[in-house]
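> For reference, Swiss-Prot lists these features for the protein:
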ACT_SITE  D10  active site, proton acceptor
ACT_SITE  D132  active site, proton donor
Amino acid sequence: MSFIVYPALDIRDGRVVRLRQGDYAQETSYGDDALPRAQALAAQGAQWMHLVDLDAARAGGYTLAPLLASIRAQTPLQVQTGGGVRGRDDVARILDAGAGRVVVGSLAVRRPDEVVGWLEEFGAERITIALDARQDAQGQWQLPVHGWTENAGVTLDVLAQRYARAGMRHLLCTDIARDGMLAGPNISLYQHLSALLPGVAVQASGGIRDVADVAEARRAGCGGAILGKALLEQRMDLAEALAC
C-alpha cells in the first residue's frame, strides 16, 4: 500500500485556520491566502492535499467549490475535501467540482446505511470515511457526535469494520484528544486499526509534529498522514515529510 502525505488547509470565513480539538472558540488564523498556499504545496512536491470547509461542517452546504476549482485549475494537486456533507447530492456536487475524494464524517456515524451505498455508487476510491474517536475510561474508542458532546452508541472498531466489509478503501481517523495539540500521533491506535482493517488505507490525523511522526505513522501501517498545524507553523519541512 502506498503512503500519501496530505498537507491540510482548514478554511473558515475565507481564512486558513486551525482549531484546537475542534473548538471553534479556539481558533488560530493564518491568513486568507489559501490558493497561494496550495500552489506552494504543489511546488514542494505534494500530490494530494486535504481541504476542510469548517463553515459547512457547522452549518451544512459546502462553500469551497470555487476554491477547489481554482486549485484544480492552477495546480496538479488531487484534493481530498469535505465539510457539510448532508446527503448524496452533496457528494455528487463536490466530486463534480473537482474533488479527488469526498470526506464523509458525521453522517458516516449517524446514517451508515446510507453512506455504505455511496461507496458502491461513487466508488470506494472516491469516498474517505472520517471517524473522530475518543477513548473512554474502559479503553474503548467511542465516536462522539453533536460537536463531540455525546457518544454515538457504536464504537470505532465496530463501525470501521462495518464499512470495511462494505468495501471502504480510505479511513481518516482523528484522536480527538490530540487534534491541534502537536503532542504526537496516537501510534498505538493506528497500529490497531491497520491490523484490524487489512486493505484499508488508514490516514493518521491529530498531533503530528514533525517528520519523525510521519515516518512512525508509516511504520505503524498507515496509508497516509494529515499534516496541519505543524506545516502551517513551519515546524516541519514538507519535502522531507514527502520523502518518508
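The backbone N, Cα and C atoms fix where each Cβ goes, and this holds for glycine too.
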> Measure from the CA atom of D132 (active site, proton donor) to the CA atom of D10 (active site, proton acceptor) and give the result in Å, rounded to a whole number.
16
> Measure from the Cβ of the residue listed as 'active site, proton donor' and count the other Cβ atoms within 10 Å, all protein chains considered.
22
> Could you tally the C-beta atoms, other than its own, that fall within 10 angstroms of the C-beta of the residue listed as 'active site, proton acceptor'?
23
